[in-house]
Amino acid sequence: MFRNSLKMLLTGGKSSRKNRSSDGGSEEPPDRRQSSVDSRQSRSGPGGISTESDCAFEPDYAVPALPVSEGDVEQELGPPPSVDEAANTLMTRLGFLLGEKVTEVQPGDQYSMEVQDENQTSAITQRISPCSTLTSSTASPPASSPCSTLPPVSTNATAKDCSYGAVTSPTSTLESRDSGIIATLTNYSENMERTKYVGEAGKELGSGGNLKPWQSQKSSMDSCLYRVDENMAASTYSLNKIPERNLETVLSQSVQSIPLYLMPRPNSVAATSSAHLEDLAYLDEQRHTPLRTSLRMPRQSMSGARTQQDLRVRFAPYRPPDISLKPLLFEVPSITTESVFVGRDWVFHEIDAQLQSSNASVNQGVVIVGNIGFGKTAIISRLVALSCHGTRMRQIASDSPHASPKHVDANRELPLTQAPSAHSSIASGSCPGTPEMRRRQEEAMRRLASQVVAYHYCQADNAYTCLVPEFVHNVAALLCRSPQLTAYREQLLREPHLQSMLSLRSCVQDPMASFRRGVLEPLENLHKERKIPDEDFIILIDGLNEAEFHKPDYGDTIVSFLSKMIGNFPSWLKLIVTVRTSLQEITKLLPFHRIFLDRLEENEAIDQDLQAYILHRIHSSSEIQNNISLNGKMDNTTFGKLSSHLKTLSQGSYLYLKLTFDLIEKGYLVLKSSSYKVVPVSLSEVYLLQCNMKFPTQSSFDRVMPLLNVAVASLHPLTDEHIFQAINAGSIEGTLEWEDFQQRMENLSMFLIKRRDMTRMFVHPSFREWLIWREEGEKTKFLCDPRSGHTLLAFWFSRQEGKLNRQQTIELGHHILKAHIFKGLSKKVGVSSSILQGLWISYSTEGLSMALASLRNLYTPNIKVSRLLILGGANINYRTEVLNNAPILCVQSHLGYTEMVALLLEFGANVDASSESGLTPLGYAAAAGFLSIVVLLCKKRAKVDHLDKNGQCALVHAALRGHLEVVKFLIQCDWTMAGQQQGVFKKSQAIQQALIAAASMGYTEIVSYLLDLPEKDEEEVERAQINSFDSLWGETALTAAAGRGKLDVCRLLLEQGAAVAQPNRRGAVPLFSTVRQGHWQIVDLLLTHGADVNMADKQGRTPLMMAASEGHLGTVDFLLAQGASIALMDKEGLTALSWACLKGHLSVVRSLVDNGAATDHADKNGRTPLDLAAFYGDAEVVQFLVDHGAMIEHVDYSGMRPLDRAVGCRNTSVVVTLLKKGAKIGPATWAMATSKPDIMIILLSKLMEEGDMFYKKGKVKEAAQRYQYALKKFPREGFGEDLKTFRELKVSLLLNLSRCRRKMNDFGMAEEFATKALELKPKSYEAYYARARAKRSSRQFAAALEDLKEAIKLCPNNREIQRLLMRVEEECRQMQQQQQPPPPPQQPPEELPEEETEPEPQPEDIYSVQDIFEEEYLEQDVENVSIGLQTEARPSQGLPVIQSPPSSPAHRDSAYISSSPLGSHQVFDFRSNSSVGSPTRQGYQSTSPALSPTHQNSHYRPSPPHTSPAHQGASYRFSPPPVGGQGKEYPSPPPSPLRRGPQYRASPPAESMSIYRSQSGSPVRYQQEANVSQLPGRPKSPLSKMAQRPYQMPQLPVAVPQQGLRLQPAKAQIVRSNQPSSAVHSSTVIPTGAYGQVAHPMASKYQSSQGDMGVSQSRLVYQGSIGGIVGDGRPVQHVQASLSAGAICQHGGLTKEDLPQRPSSAYRGGMRYSQTPQIGRSQSASYYPVCHSKLDLERSSSQLGSPDVSHLIRRPISVNPNEIKPHPPTPRPLLHSQSVGLRFSPSSNSISSTANLTPTFRPSSSIQQMEIPLKPAYDRSCDELSPVSPTQGGYPSEPTRSRTTPFMGIIDKTARTQQYPHLHQQNRTWAVSSVDTVLSPTSPGNLSQPESFSPPSSISNIAFYNKTNNAQNGHLLEDDYYSPHGMLANGSRGDLLERVSQASSYPDVKVARTLPVAQAYQDNLYRQLSRDSRQGQTSPIKPKRPFVESNV
């Protein structure tokens, strides 16, 4: 009856609310919960917050009925004395006050229950300190809670906030449905299931403890508030404030965007209390604009607004949402935007000096001590304002105009931020010290401020700010926002567990660990790593004394926390703290320097500061001046008197001065008398005066007194709405109207300042204290009654519609206890007041159990509130969310909170209730070492022998942790009952286990105690047995201690007689236990006690094997030193080395091998250490063993080798190591590699490498075998992720095979392989290119052209492709011409030019195609070497096969020259094919390397200017202009040196070029030209002289225009050589007159071409092909004829690009000069520079010395064309004959240079370069040149290739070939005696000359050189190219010849040969050439390419 009536009274008829039954865990049955949740949810707004009843106060804020506990309250409380009496009592006390619930409340005003939750939470968390039960009871009020500091949530935000809360931020997690934070966690999980947010939050919580799913389903409010509320006390969302904006915000922010643990926690203190710990939403809210509505208000609306903000926070850059730490919102009402800071520089100076001092006892921090109002907070705020956090000052300083009476000129900007200096605001005289001193002091202040990284204000009226968890969390949040510590922020973002560690939940559970591991250790590490500045940092803490007001029953205050932690602070992290003088004792443990602000008499600076402030106030206000001046005058005397009087009264208090001046300024004080009697004498009188003025009558004060009472009693700032609701909660009749309330609040606005979050704080802590307490003798007027405020707040919480969250529940309990409204009733009613209070709280909320078990109340319990909760029906056996869902008693036992344990036991908590791990409270207490709690529990008959799930009893737990006293107590306990009950576990077993546990952990005292136990009643069971193993771990004491390395315990045990050989249960003896762990000191101890160093275990393993297996090097070395045998084997035949290898311990392997271990020992399975190491997979061990003689091909009994094992185990690093060491890939290897794509790739790559190696060595057949084998082994399937890699690998293999097949003349297969590659990789331009080469080799020019067009589409910038394309186009034309009767040589040249130029690879192309090209380059070399020109004699001569090294860049130039589009204007590369072609070509060394065939081709073909000289050289192919069209410019390959001579000299450049041997073109053509252009006597070119060939060619038969070989009209042909000087030209001296004549026209032409080429020096060399006499007196024609072949070739070969492209210097050929200007037979000819102009001649002569010249001289004209090209200035040798095969490279080095220049491209550029020389040579070899010459001219392989472009001026390869044979002979025979002398086109020397270096004359040498040239020049293509056309008559020999020609490129290429090439030789050559050309290609020689394919 009583309960019901009371309930009806309180609830206003609503009896739905029930308290949780005290029994079992849940406060209400799950179904009911569910239903209520559902019902609430149904009406909750978004976020699950109920819009109706959720609101703390709905429009009607009737107080919800107090729920009755389900289990009858009577049971717990006992039957009430009399229902009626109790009911009457409550009615009397409460009834009148409560009356009916007030139903109407202004929507905005509704006060949420959340506030209550927060308060409650705080209360729970904190013990009620004597000063304030509130404090202790409430950790932090939720924002919405009446006490909450958080701004109320706006209506829209409400819903969201709530949901946010529901979602539970990490903090909120704390508050779960279950009471308390722990409950929060639990609920949190449930909610998590329901909300994604929750999910995130759960993670964090999870880390802390198990979260129970929130039972938020009960009601929307439940869900919302609950989760929120309960989860976070701080959230107190349930109270209107927090939930609405904060929770929502926090949740939304934290939950949605970040993981739970990252979710921002409401930074409210309450957060940890029963409200959600993680919901610091209120803090967030504070950050946001304050919302007026209470959290409880309709959530949806509130949440809406809040949500948007939250979203902003979440997604906006604001702060990366991932940082979940949220700073507390601090507002300091006493600091306003108008506050002025004056003076006190001395304080900063002293602080700075102390912090920088070297005295470690005081440099860690400073304590600023002063009385209230003395400026401590202002000093801290000043530093904050000037610090990196200065922007947050707006949050600290209050904007409120009422903040202080003085708001006259409120400058919006914080003065603190401006940091006015004392002297700035005061008359200069008033400031202490000189300006310099002041400046230094101000600098000190700014320096200190710059070091501030965090700050914290403790405010007694905002409990959250006084709690340690919030302090830690706030400091961490500010640290990570400090710009100096960005590295710390990044680390928090990188390591989410650190954020979790700093979550409010973690801070509540263990603030010290959180601070140490989340702040101090990371900062220390960052400092060591120099990631943060190496300077001091400062943390500011204001008002340590304020925090004492909220001191918890258990746990630290901020001061005690700092005292314990300061020892862990790094020396560079300083603290500046402030404390009130009266409480300075609390800081005595801090080793800080102290600065006193109130010792006015001792410190003159304080007086000066006060004086400055007074002066500032007087001067800054005319009102003050008027009020204090006597007779309207303000004289110094008056001022001094007033100043002195005020300073005396203030005693140093700035607050007193400020308030007094405010009164004077406003006219409330008028100082007209000199006695100043009206001035208040103390701060108390100032407040009294202010109140008297504000409230003149008692009734006026009575109207506002309830508001002040509520504000004083609240734990945190409340919004106006909350205060309004709280006041109305106490009215029975007629509620206060909102307008009336607002009016009253306005009257208080100067005392209760509105913060940004719309909550109200007292203007100053001193005013709050003045309202509560007065000193003796002071007037008691205006004293407030905090009890009344507590009562109103308690009623307000009771009337909340929704269920209170944990924080609010604890706040409610706090207020109920503080209100104490039943005081004195117990006697009257017969019911104890505590029972009545329990009934009250049980009727007011359902979450008692959850509040009791909230995190904050678990870790910082409020004993009184907890008792109240238990009285109200909280379940004392409620399972928490921590310690494996341990019951509350377990947690309190673990924490050592004796009072709480006693309280729980008093109310009958289950003493043996266990957590999920099976531990009981006794186990927790024993493990933690709390003897008092162990005793308490044992008195309650806790089971001593209870075993947890690990089989450990409390005694073992105590022994494991070294708690001797607990061990002693437990052993003395009575185990009999327990033993009888269980019948299994006996005390003796426990003691034995305890012995092992203590021994393993090294607790010698416990071991000794247990061993010395008395033998009770003669029963040995009591005493532990030293040699027995226990029943738990199976260890003996000695094996346990030895295994854990406990040396002292081992000594003790051995002294006590422990057996050294006594094994444990597994049979392991102590020696093995310790060896396994590597404790060599204990090994030593055991050995000294008789252990055998070589003893073996059951498997035959010795300690040495064990140590080696485990990798303990120190132990291994120690055992070896102690005589351990290194050769012993275990039962498997494994030695110590085998074990070390099997486990991959390199250091041990090294040690054992050094000590003589056998590396070839085989075990019983035949496995050597290397096998085992390969099995393990440590490549370093494998490498070491192989280096030390291990057999790499050893086969074990199963047929496996180390490589096979490594493959089988997929140890790729070992596979690679073994393959590098030469391991063979056998069938087993392939078998093991099956389905291991990574291994297959390695093996196939190895095969490909081997193939590449053979290929480069010229062993094409072997290379092809390797590639074929690799393809055969290619896996059919199972590529998986490696599909792309395998495809690329296969494409490479196919392309390589294609190359090899082409080299092997198997063009069909080559084409087929390239096609397969295309099928695999349709977009592969390399494949198109390879197939085109194959088709070209088989003379399918049209098809090759198609492929090349495709390739050029795919890779438009690849010069190799471009060059080959041009050549193939030229060849196509030539083909057409060939089909017709051999046209005059001129025609082919036309075609040639196109072919000639191969596009020069661009770097990018090079890399992609490089392999191909390089290989081709190599191929060409190989081919050059391998394939001899079929021409019989020629090969040998041409063979001065110096295989011209691939054309060096010089060659390229030549190529360029020839390739110049002018084609017709072919600059003559005067490179002697012969020895000049040698590497030196040197002398000439046009940058282009010796031209490889490729180069030659390019020479013929104009090559892009960018092409290297070699390429230019390559452009040599010129198609001779039609016979009739001499005047026309045709790109024609430079005629072979012989042919060229005449052409060049006589014919216009283009035409002369056209002279190239047309296919039919034969020497005749040259002769013709020669005749035409012969000049009477051509002076010998210096080249010829230099060539050391005195051979002046006797007049060659001048006109032997044989066959179609037409010499161009004797127009001077301009030979453009890239070489700056016309050395080349000069070397072939052409009579100036003749040349001059022709030169001009040519020059003009060439110049234009040159311009195109961009060759700076390119010189037009006139080759006076018009009959002239060479210096020797031969008719110029002859010379021309000889020269024409080369020169023309060269000339034609020059491209614009070629000429200009490379300065001679550019070509690698620095060597150009180095080589003696030997003019190989061909060389001289080719170089026979036709200097058309005197300049050219001069240059050439001068350049002879110069590299350019030397090229000219050395190289046969034909050979050198490439070389010459590089040097535009150098004229090309007139002789074209040899040139045909060769490219002239300007530099003798050209070959080498080419290689150097484009090693990567070797294939491309080098080949091209080489090609020029080679090409002519090839052409010759193929067409008509002697085999030798082709060789010289082209890459060895080139000769085989028939050139479409006139080679050496002969287009028809046949002609060339024919020429070659003759030339071959002749070339050697004829030498250009003078520079004029032209080498016969065929002379091998000339041909080879293009190569930069002169290979040995022998064919082999030639081959070598060719190879080199090819490699360097990369242009072998032309040889190949030409050979098909008219391979040398000899056929394959032609190739050789070309090669030889290239080889000849050495200058060495037997000068003799060249010399022999006398005129007669030349004549013969010409004749032969003409014949050959007429004949056409005699033998189809497949054009061979230089090794480098790039040279087409």
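Glycine too: its Cβ is placed from the backbone N, Cα and C atoms.
Feature annotation from Swiss-Prot assigns region 'Disordered' to 1-85 (among others).
Per Swiss-Prot, the feature region 'Disordered' maps to 129-150 (among others).
Residues or ranges marked as phosphoserine in Swiss-Prot (evidence: similarity to another entry): Ser169 (among others).
The phosphoserine annotation in Swiss-Prot covers Ser238 (among others), and the record cites similarity to another entry as its basis.
Positions annotated as phosphoserine by Swiss-Prot: Ser294 (among others).
Residues or ranges marked as phosphoserine by Swiss-Prot on the basis of similarity to another entry: Ser400 (among others).
The feature compositional bias 'Polar residues' is assigned by Swiss-Prot to 419-428 (among others).
Under the heading region 'Disordered', Swiss-Prot lists 419-442 (among others).
What Swiss-Prot records for 846-878 is repeat 'ANK 1'. Taken together, the residues in the repeat 'ANK 1' (846-878) have a mean pLDDT of 93 on the 0 to 100 scale.
Secondary structure of the repeat 'ANK 2' (884-913) per DSSP, as helix, strand and coil residue counts: 17 helix, 1 strand, 12 coil. The repeat 'ANK 2' feature in Swiss-Prot is assigned to 884-913; the stated evidence is sequence analysis.
Taken from Swiss-Prot, the feature repeat 'ANK 3' applies to 917-946, supported by sequence analysis.
Remote same-chain residues near the repeat 'ANK 5' (990-1019) are listed as 945, 952-953, 955-956, 958-962, 964, 967-968, 971, 975, 1025-1026, 1028-1033, 1035-1038, 1040-1041, 1043-1044, 1046, 1048-1049, 1052-1053, 1056 (criterion: CB distance under 8 Å, separation of at least six residues from the stretch ends). Annotation comment: Swiss-Prot describes 990-1019 as repeat 'ANK 5'.
According to Swiss-Prot, the repeat 'ANK 6' annotation covers 1033-1062.
Helix, strand and coil counts from DSSP across the repeat 'ANK 8' (1099-1128) read 17 helix, 0 strand, 13 coil. Here Swiss-Prot flags 1099-1128 as repeat 'ANK 8'.
Secondary structure of the repeat 'ANK 9' (1132-1161) per DSSP, as helix, strand and coil residue counts: 17 helix, 0 strand, 13 coil. Annotated repeat 'ANK 9' per Swiss-Prot: 1132-1161, in sequence order.
What Swiss-Prot records for 1165-1194 is repeat 'ANK 10'.
Residues 1071-1072, 1075-1080, 1083-1084, 1087, 1093, 1134-1137, 1139-1140, 1142-1143, 1145, 1147-1148, 1151-1152, 1155-1158 of the same chain, all 6+ positions outside the repeat 'ANK 8' (1099-1128), place their C-beta atoms under 8 angstroms from a C-beta of that stretch. When Cβ-Cβ distances below 8 Å are used as the criterion, the repeat 'ANK 2' (884-913) is approached by residues 76, 182, 186, 209-210, 212, 553-554, 852-853, 858-859, 861, 863, 866-867, 870, 876-878, 919-922, 924-925, 927-928, 930, 932-933, 936-937, 940-943, 946 of the same chain, each at least six residues removed from its ends. Residue counts for the repeat 'TPR 1' (1244-1277) under DSSP (helix as H, G, I; strand as E, B; rest coil) come to 26 helix, 0 strand, 8 coil.
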